[in-house]
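What Swiss-Prot records for G166, A167, S168, I232 is NADP(+) binding site, and it gives sequence analysis as the kind of evidence.
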Amino acid sequence: MTAQIIDGKLISQTVRSEVGARVKARIEAGLRAPGLAVVLVGQDPASQVYVGSKRRACEEVGFVSKSYDLPTTTTEAELLTLIDTLNQDPEIDGILVQLPLPAGMDSTKILEHIDPEKDVDGFHPYNVGRLSQRIPKLRSCTPKGIITLLDRYNIQVRGMHAVVVGASNIVGRPMTLELLLAGCTTTTCHRFTKDLEHHIRQADLVVVAVGKPNFIPGEWIKEGAVVVDVGINRLDTGKLIGDVEFDVAKTKASYITPVPGGVGPMTVASLIENTLLACEQFHSK
């Protein structure tokens with residue numbers, strides 16, 4: 001068996017085109033374009049790259065994009081004041097504060113300060129809680145993007161045994177909730193899990209998000225399983241690889257996401273979708 005490659009670049013572009021068409025229709029109907037505020041504190045190079053891709057995506061679909069590049073010396077109080085201003089701004093539907101924040105800032109406090117109806121990253125406890133109670137509003141971008149990929153490839157996950165490797169607040173935990181909502185029997189593995197191999201070998205669907213290159217040997221993958229690799233790891237050679245041993249895993253899986261070009265593009269596509277959703281459902285008067 002050779003796995004079908006799940007093309008995240010293609011699906012993300014489709015999603016962005018759909019959002020762009022809906023924005024165009026809004027403007028033609030005399031409504032305002034959705035607005036996204038992107039806040040970057042400091043000079044972290046990776047964060048600058050991520051923020052740049054988000055701003056470009058905004059422009060591509062016709063959003064109003066407001067950028068706030070703050071110096072590393074910005075205080076927590078100053079950042080909270082900016083968020084207060086953006087919470088009250090009627091032209092802004094989504095507020096994104098790029099993580100990680102500089103040392104000394106309480107990221108939980110900052111994220112909880114964002115209006116839950118403008119929390120387009122889906123990190124606010126209110127939005128995570130809504131998802132856990134099966135009544136989601138704004139959903140965490142990477143897990144939402146993964147569900148979109150599975151849907152667009154008509155992969156029926158209901159009834160599958162899904163194993164999520166990694167329990168972060170950004171991917172692992174909300175991914176577990178998304179898969180429960182989709183009807184999976186879900187196991188979440190983490191650093192205290194005993195016999196990880198046993199769990200992987202039982203899985204019909206594996207989602208790996210640990211940030212360690214080739215962490216999951218391909219031979220562990222069950223024949224015909226669906227493999228979603230969230231990891232993005234840069235080797236000394238400059239090559240990007242995932243958390244799963246791709247070349248071996250693709251000979252056993254039925255579907256697999258590549259790195260790069262799999263899950264990554266879907267995170268930004270989900271952010272764009274969330275911003276339009278927030279505009280249409282919460283802020284259109």
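Positions of Cβ are set from backbone N, Cα and C atoms, glycine also.
Comparing the binding-site residues G166, A167, I232 by how many other C-beta atoms lie within 10 angstroms of each C-beta, the top residue is G166. If you draw a 10 Å sphere around the CB of S168 (NADP(+) binding site), it holds 15 other CB atoms from the protein chains shown. In the three-state DSSP scheme, S168 (NADP(+) binding site) falls into the coil class.
Residues G166, A167, S168, I232, recorded as binding NADP(+), reach a greatest CA to CA spacing of 16 Å.
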